[in-house]
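Copied from TrEMBL, the annotated features are:
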- 7-24: transmembrane segment (TRANSMEM)
- 30-53: transmembrane segment (TRANSMEM)
- 65-82: transmembrane segment (TRANSMEM)
- 94-114: transmembrane segment (TRANSMEM)
- 121-138: transmembrane segment (TRANSMEM)
- 150-170: transmembrane segment (TRANSMEM)
- 182-201: transmembrane segment (TRANSMEM)
- 221-242: transmembrane segment (TRANSMEM)
Amino acid sequence: MKQQLNYTLWISFLVSTVLIYLFFSSGEFSFILTLACGIQCFGFGLVFVTISITKETSGLSRQTFICCAQALLARLFSILTFEGYLPSDATGDYVYRLFEILSLIFCILTAFSIKNNKQELFQWYYFTPVMLVTAYYVHPGLNSHSFCDISWVFALYMESFAILPQIHLFTKREGIIEYHTSNFVITQALNKVICVIFWFYSYEELNRSSDESTISVAPWLSGYFVMVAQMISIIITADFVYKYLQSWKQGIPLVMLPS
């Protein structure tokens, strides 16, 4: 039943994506940012819907969802008050923001549903101070508002490491990985791959976006930091994605062995 539910949700998401592109997008390249945001939202929604039905949360990392909630809240503060980091595609006006709001709602509700796990090594407070300091000293200036610029890039830095507690938890548990858990990680990895593609062509805009009022120490490095942050997340999930694809190719459940 769980696998059937996941297939149904995936098909619904793909159909919705096509409809959004046909009826809401202006066809610009930046639509892929909305696509990435939609995939991330789908991942959070997939987990929330599944655990609401099955009441099974044992394989999920609460710390990952806490980190993601912080990132989503920070980015929402930036994109709801300014437009500097919104996709120039027409979907950036409403659809992109709606995806972010839904992601935050799903993420918070899921975090509250997951019990603390003693096997979790990485806690959210290991990451938050470091990412805040990094964002303070290295951030772009597309909003021309330091606090909102810092909020946006803090979210991006935070998300790059948010999946680490979940990946680490996989190494501490033996057995089959639930479909909603594995698909959640896959959606987060796919989100970062699409973002890397976008920022590969656009990162120089971040390097040139600072003005005289910025408090960033090295704003000309912002684009490079954004690219590196996205790549770190991809590297963290690379081994899991490989194992996921192997199990999918063989038509068998994904099984993890404790390290």
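Keep in mind that glycine also has a Cβ here, set from the backbone N, Cα and C atoms.
Counting Cβ pairs under 8 Å to the transmembrane segment (30-53), the top-ranked stretch among 65-82, 121-138, 182-201 is 182-201. Residues 63, 66-67, 70, 150-151, 153-154, 157-158, 161-162, 164-165, 168, 215-219, 221-222, 225 of the same chain, all 6+ positions outside the transmembrane segment (121-138), place their C-beta atoms under 8 angstroms from a C-beta of that stretch.
Here the transmembrane segment (182-201) has Cβ contacts under 8 Å with residues 6, 10, 29-30, 32-33, 35-37, 39-40, 42-44, 46-47, 60, 159-160, 162-163, 166-167, 223, 226-227, 230-231, 233-234, 237, 240-241, 244, 254 of the same chain, all six or more residues outside its ends.
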